[in-house]
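Pulled from TrEMBL:
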type	residues	note
DOMAIN	90-472	domain 'SDA1 N-terminal'
REGION	256-276	region 'Disordered'
COMPBIAS	265-274	compositional bias 'Basic and acidic residues'
REGION	290-326	region 'Disordered'
COMPBIAS	297-317	compositional bias 'Basic residues'
COMPBIAS	499-509	compositional bias 'Basic and acidic residues'
REGION	499-632	region 'Disordered'
COMPBIAS	534-546	compositional bias 'Acidic residues'
COMPBIAS	583-621	compositional bias 'Acidic residues'
REGION	743-799	region 'Disordered'
COMPBIAS	783-799	compositional bias 'Basic residues'
Amino acid sequence: MVSGYQLIAGLTPEPLSAAGKRSVKLNLPALQSKMKIDPEGYQTELGLLYSQFNSALDLFRQQAALNFTATSGVSADPTISKGLGDRAVFLAHVTPFYPKQLTEFPRQLADFLKTSAKSLPSGLRCHVAQALILLVNRKMVEIGENLALFMELQTLGDRNMRKLSFSHVVHSIRRMNKKHKNEVKNRRLQNILFGRLQREDEAVAKRSLTTLCELHRRKVWFDDRTANAICMACFHSSSRIMIAAISYLLNHEKIEDDDDDDSDASSREDDSKLQKPQAILSKEAVYKAYHKGTSSSKKKKKAKLERAIRSRKKKQRISSGTSSSNNYSPLVHLKDAQGFAEKLLSRLQTCNERFEVKMMMLKVIARTVGLHRLIFELFSIQTFSNSLYSFIQPHQRDINNLLAATVQACHDMVPPDAVEPLFKQIVNQFVHDRSRPEAIAVGLNVIREICLRVPLLMTEDLLQDLVLYKKTHKKAVSVAARSLMTLFREICPSLLLKKDRGRPSDPKARPKAYGEVTVSSNVPDVELLQHDDRDDEEDEAEDAEDIDKMRCSFEDDCDSDEFSSASDDHEDDNDSESRENSDGEEDSIDEDSDNGVDANDSDYDEEGEGDNDMEEMEEDVEANHEKVNVDVTKAKASKRKLSDFDGQLIAADTSLRALKRLAVEKLKGSSLNSTDAFLSNEDFQKIKELKAKKAANSALAQQGFKVPSSDQLSFRRVDPSKLEAHIRRKLTKEQRLALVKAGREEREKYQSRTAVKRKKTGGLSNQQKERKKLISRQEKTQKQRRGGKQFRGKKAWKC
């Protein structure tokens, strides 16, 4: 009789000979490949292996019932554990080829892990879990049936098991929602994780929170239910769960595990991924991936291109602005933001956590208030301000993050009276003559950011005092003061002195009063469409006028020859008539000048004569209109008289006024018609284009900065490092040494002159050549004699 150990240890040759095969002992991987090729020919071997698996499974179940540990009983023999694990993986591979014979196999694996996971050795536990994961990936088992099991396996304290189960859960749910989202399945899985998150057990809740955060970060479960579940974890009874949830809400991409080895391993994996060369996206690479090589090489090239595209998209997501990252924050999807902020504020006042945790809670509250533009009740505002009020000191630890949270909590819907004590505290504590320049710069930057959101806090005297800091010699302080001055040039120039206003874009600009809202009575920016239509009409009119002028000039050139003879005939008559008319006009002018004073006096004395003069002026205008309507041929043939010229000027003036009245009436009519009419999709698209064009032109013409809207400010994250811009901190000795070493990197190592000369390239010097020159002994002695006689004694000219 064959013992149980022999059944587990390996295969005997008897079943192979019974199946008609050679009597040799096969290993499991070779048998697995042969069973996949010919499933029907290896049913006997499958039955034998399945019976061996069941017998070993019964042994381990009995061990779990007797409360054996992982180092005692049957588990103490590593061969038995390895045999069971290998057979579990083997049967998982061949289950799709034998669905009827192995119907109960997935359920047996799941039950075995549920009952005996704690007492199993680590290697066997991982092998059985891998077998079950393989069945889930082959779609033999649904993830919803074993999600609770894999979440429970993460709490056993086994690091390898925790990583395996966590990655399987995340990738399975991600793969399930890749093409389309099944809301029914997702809701069932979410209910399992939400229930485990609300448990009092810290380990269970921590693994559920980590899984939810990872799925939300990967945008797999990017809905309101997941976001609210993560936010509600801030009120868990365990402080570690609360800190983990708050750290994720503060835009931490990943909740770090307590084990440092996990973080080191993940960082090493990320570094190795970054070091791999990526495929270059070019037309040649795309053409080769689809048209060059065999099918297998094309498949590899396509995979490289896909990896390169994914990495480029990931870099684009990372390099996007901070406002886009705020859209991914679960705080945006809060259903009851007001209740969340008030509840977290009350917990902040009663908790006994360390200072860093309190700062994190303050930041979450401030970001919630800023994102949703919450209006607290008066008591809540005062309590929040008082909690910040006691910390607003220049020497306070982590003061930059605290001031950033203060700025984030301000928006245009907050009453200025509620923020005024906090604003005065910042001004009094940071900006005064005895304060350090670093504190003054930070204070001015914070004041600028608060006034950007609540401009009604600033008074004229305070602003003029703060602007005086622009003349200081400290760069950080002067830059901060000038930025404050530039801000108020745009939002309210009247608060500044005349010399500080510069050239604002709108000199009459003022901030809106508290609660003031601009209500649009028509389609926004519809006037851009009207102005564009008028510009088109004006262009068409100008083109028509140019065509008419060209036509008239052409006709005048043609008619000039015809009228030239007639003009010569009438020239003498016109000269004589002009002389007579000029004489008569001189006489009339003289008579008028003699009687001019009396006429003026009579006009001031009598009012009736003034009425008569008005009637006479009206008659003159009518007469001038009649004079204007003369024949064109007569006007061209004869020269213009002075009276006719005056009449034409008056007529032109009156006609211009009439044209202006008609234009105004037309504009009124067109505006009424445009408001009553329906706008098509093309009109809205044109309005969008004109709006973008107008914004681009204003951005190019504007010298200062563009004041963002309240919605943009609410989504913008306040960076604490920007509050201390241009501030030079005193470096430590280690930092100075690091700077010195960084400056020496490109410099060569110091060497003496002789060492440099020895390494010199390009041949020998003249002295070295002279030393190595071969000369005879006689020449050498003569040279020494000549050299010895020179410069001995005094020179002749010096005697």
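The backbone N, Cα and C atoms fix where each Cβ goes, glycine too.
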Give me the DSSP three-state residue breakdown of the compositional bias 'Basic residues' (297-317), ordered helix, strand, coil.
21 helix, 0 strand, 0 coil
For the domain 'SDA1 N-terminal' (90-472), would you mind checking the mean pLDDT of the predicted model?
84
Please spell out the DSSP helix, strand and coil residue counts for the compositional bias 'Basic and acidic residues' (499-509).
2 helix, 0 strand, 9 coil
